[in-house]
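Record features (TrEMBL):
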REGION    60-98  region 'Disordered'
DOMAIN    255-319  domain 'PAS'
REGION    374-417  region 'Disordered'
DOMAIN    521-863  domain 'PDEase'
BINDING   His597, Asn598, Ser599, Thr600, His601, Asp638, Asp769, Gln821  AMP binding site
BINDING   His601, His637, Asp638, Asp769  Zn(2+) 1 binding site
BINDING   Asp638  Zn(2+) 2 binding site
Amino acid sequence: MGCAPSIHVSQSGVIYCRDSDESNSPHQTTTISQGTAATLHGLFIKTDAADSIPSVLAYQSRHTRTNSRRDRRENSGGHSCIEAETQTSQTSVKKVSATEERIGPMRLTQEPIQVLLVFDKEDSQSDGFWWACDRAGYRCNIARTPESAVECFLDKHHEIIVIDSRHSRYIEAEAVCRSVRATKPAEHTVILAVVPQTQQDQEESSVLPLLNAGFNRRYVENSSVTACYNELIQIEHGEVRSLFKLRACNSVFTALEHCQEAVEITSEDHVIQYVNPAFEKMMGYHKGELIGKELTELPKSDKNRADLLDTINTCIKKGKEWQGIYYARRKTGDSIQQHVKITPVIGQGGKIRHFVSIKKLCSDNNKQVHKTYREDKHIGENSQSESQSLRHKDRRKESVDVRSITSRGSDAPSLQNRRYSSMARIHSMTIEAPITKVINIINSAQENSPVTVAEALDRVLEILRTTELYSPQLGSKDDDPHTNDLVGGLMSDGLRRLSGNEYVFSKNMTHSNSHLVMPVTLNDIPPRIAELLDDEEQWDFNIFELEAATHKRPLTYLGLKIFARFGVCEFLDCTEATMRSWLQVIEANYHASNSYHNSTHAADVLHATAYFLRKERVKGSLDQLDEVAALIAATVHDVDHPGRTNSFLCNAGSELAILYNDTAVLESHHTALAFQLTARDSKCNIFKNTERTQFRTLRQAIIDMVLATEMTRHFEHVNKFVNSINKPMAAIDESSSNSEGSDCECPASIKNSPENRLLIKRMMIKCADVANPCRPLELCIEWAGRISEEYFAQTDEEKRQGLPVVMPVFDRNTCSIPKSQISFIDYFITDMFDAWDAFANLPGLMQNLAENYKYWKTLDEMKCKSLRHPPDL
């Protein structure tokens, strides 16, 4: 062999044994045995001979070697991957710990990064990457042959693979990369190609061949440990972490595949991208027949409203979550009723990227689907899916009278699994809405009921889910058209829109108040106005005389007088000047051009509210905060009213209807604008000195009362008041009538209940808002003419713009005002004021109502369509 062999330690700490008289050829280099290696500081002995050394080397800390690891190396046979960590510095052992990553709500634990270096021989470049792994705390393996590289990767599933692509004699880099990419674990691995440096006179080579072979990145040859370290760290913080999070999707899809609820995911253009097995089972389709199809291509059930899909699509395109009931058509052609919840998923750029629909069958549809599924063994061969991601529900239909519904028995464990997915948000709570309990009880009863009973319960469930629980059904079209049109116009949500028709009114928020010359104090009010205000405590107070005396600014003057009488400034800790400025700003934002919904109407409602607050039972049931909130709510309840109904705004696609999703559009706008105007200028901010908690309570009370003036929930509010206030009071009064010293004041149980105080405030402002038929006859006639004129103007504009006419009977050429007043009193006023009178004791109002009704009846019998008797009668 020549001279005695010499021991050589390379710069990287690797030990070589070479014959001193031979060249540096790889085949002329020998290897010290593993046993000898153990005596030389625990390091592995490597040579440059790819065919004479173990095909995979794993570096190990010289300070932490164990006998078990030594045995595993000795039994490795030269071709298996030895499990060990990278060698550390000579002075310390690097402690490698797992890190935590998050993907959405998931918390993931990432083990230390594993790196595989594929180099057929050791050189400064492989040493650079090895030391970089050591510095970063990565676990590192080195493979010397293509076969061992693939074998080691399949054993370890490395996050990063570095392949030498510098024209190696023993490793064809692109072939190795393709071999690794052909394995399943390589889906989440980053592969780096080390390429030679380009000479100055050579053109930069294209990266496409590397990308086509499966490489993610390329690294231009640089043996600097820092350069290698920076490259690996960038890969970890970029691709590796992204791929690590992506791997978690496997568990998410596993959950979707095994969950019992049907799940459908579509693109922003409603192209189906995923359905789970539960969806296939429910609809009778195979996913291969659905994925890639647009929802519009699939058959629809004819049991849904004609305009429902367009309405729902409009809703979810705004990024709003929707849930409700929808009829879908299965592959067999039959329709099934589903609870559907659609959640838009916001992606990059704040745009909607996907829609996720979760569906569950209603009532006994489960039995039907399971039976069909068992009979059809080839469920997935010829199917189409139903467009279920376009469902929408009017949120107002979820309101119920909680006192009129029993809740017993719904806490049984057997009912927990029957709660609908649409109630998922309250599943984790310890309370449950009474209506949910009722539906659960009915569902439970259906399971063991005869067919006729089950069908009847189905109809009950349908009523509970899809109708206004407190709204009486209008009769047929053969009934009085005045009633149908008036009630329909006031109570419908107006979701009948024509494309291209827009109605946008300007928010009257920039009025200049410089022309509103106001007194410095109440003592400076002009004598004529002061004289009129002396009667403001009387129900017969003439608001129209005040309107004329104040040049259509009655709200500010009346507001100053009433607010002073109730001590509002003292309660809010604001000056009279601040209150005066606030009243001016609010009144300036009422539209004087409106014949009815102007500041005079607001002043009239404020007067009625103050009148009610002085009644003993009302006063005894509310505290001062309630009184202040009621007076403020009355003042602002119609601010910036455009003189058009909610239905008109929804049909016209107005800016406000879009902003408030066609739900309580005007009422939401009135409250929002009122607080915006108040906070805009410190000079008129009546809440600026109010303590935060008190302000929040006051604000919520104001918002609740203004929203209560929306007519779509009229019967709900009235029925709740009757059930929660009138009936308990009647029972208490009846029981106390037989005892001495009976108290006429409101019983303590009603007075002290926060829920009942809420109902009282709602009922009070509702009655104040529509008290016109209870005013003296001359005032009643004037208000009837004003509201009719406003409805006439709306009908004229609807015809001009080609919009649906909400109330056709309000045609100025044919309308009978007496008939419209009779319908309004019959349908809305009588029952509500009967209930309010039973609580507040209002004999004068009820007498006015009876006389006014008689007056309108007389005109109607005379076939008179105007407001007054003909002159000759």
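Cβ coordinates are placed from backbone N, Cα and C, and glycine is handled just like the others.
The shown structure was predicted, so the numbers you read here are calculated from the model rather than taken from an experiment.
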Any further residue of that chain within 8 Å (Cβ to the Cβ centroid of His601, His637, Asp638, Asp769) of the recorded Zn(2+) 1 site: His597, Ala602, Val605, Ala634, His641, Thr709
Nearest-integer angstrom distance between the alpha carbons (Cα) of His637 (Zn(2+) 1 binding site) and Ser599 (AMP binding site): 10
Helix, strand and coil counts within the domain 'PAS' (255-319) (DSSP): 27 helix, 12 strand, 26 coil
Of His597, His601, His637 (the binding-site residues), the residue whose Cβ has the fewest other Cβ atoms within 10 Å: His597
Binding-site residues: Asn598, Ser599, Thr600, Gln821 - member with fewest neighbouring CB atoms within 10 Å: Asn598
Average pLDDT across the domain 'PAS' (255-319), rounded to a whole number: 86
CB contacts for Asp769 (AMP binding site) [other CB atoms within 10 A, all chains]: 22
